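Peer 1: The following feature annotations were taken from Swiss-Prot:
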COILED    181-254  coiled coil
COMPBIAS  187-256  compositional bias 'Basic and acidic residues'
REGION    186-275  region 'Disordered'
REPEAT    10-31  repeat 'LRR 1'
REPEAT    63-84  repeat 'LRR 3'
TOPO_DOM  1-282  topological domain 'Cytoplasmic'
TOPO_DOM  301-339  topological domain 'Lumenal'
TRANSMEM  283-300  transmembrane segment
Amino acid sequence: MARGGGKSGSLKDKLDGNELDLSLCGLSEVPVRELAALPKATVLDLSCNSLVSLPSDFCSLTHLVKLDLSKNRLQQLPVDFGRLVSLQHLDLLNNRLVTLPVSFAQLKLSLHHSPVEILSRLLGTPSSLLVFHSFHSWENQNLKWLDLKDNPLDPVLAKVAGDCLDEKQCKQAAVRVLQHMKVIQSEQDRERQRKLQAEREMEKKREAEQRAREAQERELRKREKAEEKERRRREYDAQRAAKQEMEKKTKKETVQTRKLASSSRPPQPARHKHSWSRSVLRALLLVLLCILCTLAVCKLTELQHQPLCVSVNTLYEDVVAAVQNHKTLQNMLQQNSQQ
């Protein structure tokens, strides 16, 4: 099979005014890049080729007004086929199409040829449900001619499309099919909105549940913290009470021990008095020793002529004389007492 993709120069050779005839060329692919370079070619005939599908970039050929894809092997149209908004005439005769993309509803149409009640009767849908797609919203829209004959269409779509045996039927087919696709698009939009709303509500519910859980967790932590604080306070009070009790017990035992110790030993004041007497006696002995040493120095050494020693010797002699007088007086008293 021949492949599309010849140079734009070779396509220009087939261009006749605004019509480009690529029928019966054995094409298995559409030369989209070369076609995009010929925006003047608003009428394109690709019939009687071996096309199985159309590339997604085919939808960029928005300058097309009339498109003939009849007698190929197309199994589906690109998802964005509705981007061909300038399209007024579309021939899809004798392909292998089962459904049409939802974007097909964007191909636009003019309702001057058929009222909404036609689709209402075909689909068994109350016309009030189709009022949303009003004449006002479509009055300047484009697609006017459509042929879907000899395709294994979905039964509902086949019933909507009907026959295309003459100009009038093909125009009515365009109206009916686009209305049908508009309804499907609206239903999908509503379903999408419903799912989106459900997801939002579910998200809000999850957020509310999360906030509730967080609030419960905060309350639980707060309660646990308060309980822990109360437990520690009780432990502190218990330890403090035990410490005070131990101090009281220790103090009591100390008092009792002191009482027992004081009752089992002699009184301390006499002991202190005896020690004081010894200290006084030692002091007196030390003074007496000093006096004797001084007398010895003043009597036996060359210092006896010094003024200090002279005074000491004089005092010594006076004391000795006084003692002797005292002994004489004492002897006299003893004698008198014996008589």
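Just so you know, glycine gets a Cβ as well, placed from its N, Cα and C.
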Peer 1: Would you kindly list the residues that approach the topological domain 'Lumenal' (301-339) from elsewhere in its chain, counting only those six or more residues past its ends and only Cβ-Cβ distances under 8 Å?
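Peer 2: Apart from its flanks, the topological domain 'Lumenal' (301-339) reaches 294-295.
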Peer 1: Which residue counts does DSSP yield for the topological domain 'Lumenal' (301-339) in the helix, strand and coil classes, in that order?
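Peer 2: Output for the topological domain 'Lumenal' (301-339) reads 36 helix, 0 strand, 3 coil.
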Peer 1: Run through the repeat 'LRR 3' (63-84) and tell me, per DSSP, how many residues are helix, strand and coil.
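Peer 2: When I sort the residues of the repeat 'LRR 3' (63-84) into the three classes, I find 3 helix, 3 strand, 16 coil.
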